[in-house]
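Student: Pasting in a structure now, in C-alpha cells, and then I'll have a few things to ask.
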Amino acid sequence: MAEVAPAPAAAAPAKAPKKKAAARPKKAGPSVGELIVKAVSASKERNGVSLAALKKALAAGGYDVEKNNSRVKLAIKSLVTKETLVQTKGTGASGSFKLNKKQDESKCHI
C-alpha cells in the first residue's frame, strides 16, 4: 500500500535559447535635443526660454511632451552639460535657457 510518487519526467526538455526581441527601428526625424535647440534659437526672449514655454513650443511642433516628459528633461540637462544651452535661471531641468553664444562662435569658425 505504499504509494510511490511518479518518477520525475526525464530531465525537462532542453529549453530553446531565448530569441532576442527584434530591435525597434529608429524613428525618423530630429532628436529631442535638436528640437529644443531649434525652439530656443527661434525665441527672441532676452532672458531665455522657460521650461514651460519650451514644452509649449515642442507641443506646437507636433511632439508629444506629456508622453516623453522625462526625455525632454534629460535632453535639457545634457544640452546644459555640453554647454550648448546656458541656464539663466533655476536648477536642473527647470528654469530658463538660452543658447550659448560662445559655443556658437566657435562652431562658425571651424
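First residue shown is number 1, and so on along the chain.
Keep in mind that glycine also has a Cβ here, set from the backbone N, Cα and C atoms.
Any TrEMBL annotation is an automated prediction that lacks curation.
Taken from TrEMBL, the feature compositional bias 'Low complexity' applies to 1-15. Taken from TrEMBL, the feature compositional bias 'Basic residues' applies to 16-27. For 101-110, the entry in TrEMBL reads compositional bias 'Basic and acidic residues'. Annotation source TrEMBL lists domain 'H15' at 28-101. The region 'Disordered' annotation in TrEMBL covers 1-28, 91-110.
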Student: Please count the residues of the compositional bias 'Basic residues' (16-27) that DSSP assigns to helix (H, G, I), strand (E, B) and coil.
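Tutor: When I sort the residues of the compositional bias 'Basic residues' (16-27) into the three classes, I find 0 helix, 0 strand, 12 coil.
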Student: Give me the DSSP three-state residue breakdown of the domain 'H15' (28-101), ordered helix, strand, coil.
Tutor: 35 helix, 11 strand, 28 coil
Student: Restricting attention to the domain 'H15' (28-101), give the mean pLDDT.
Tutor: 93
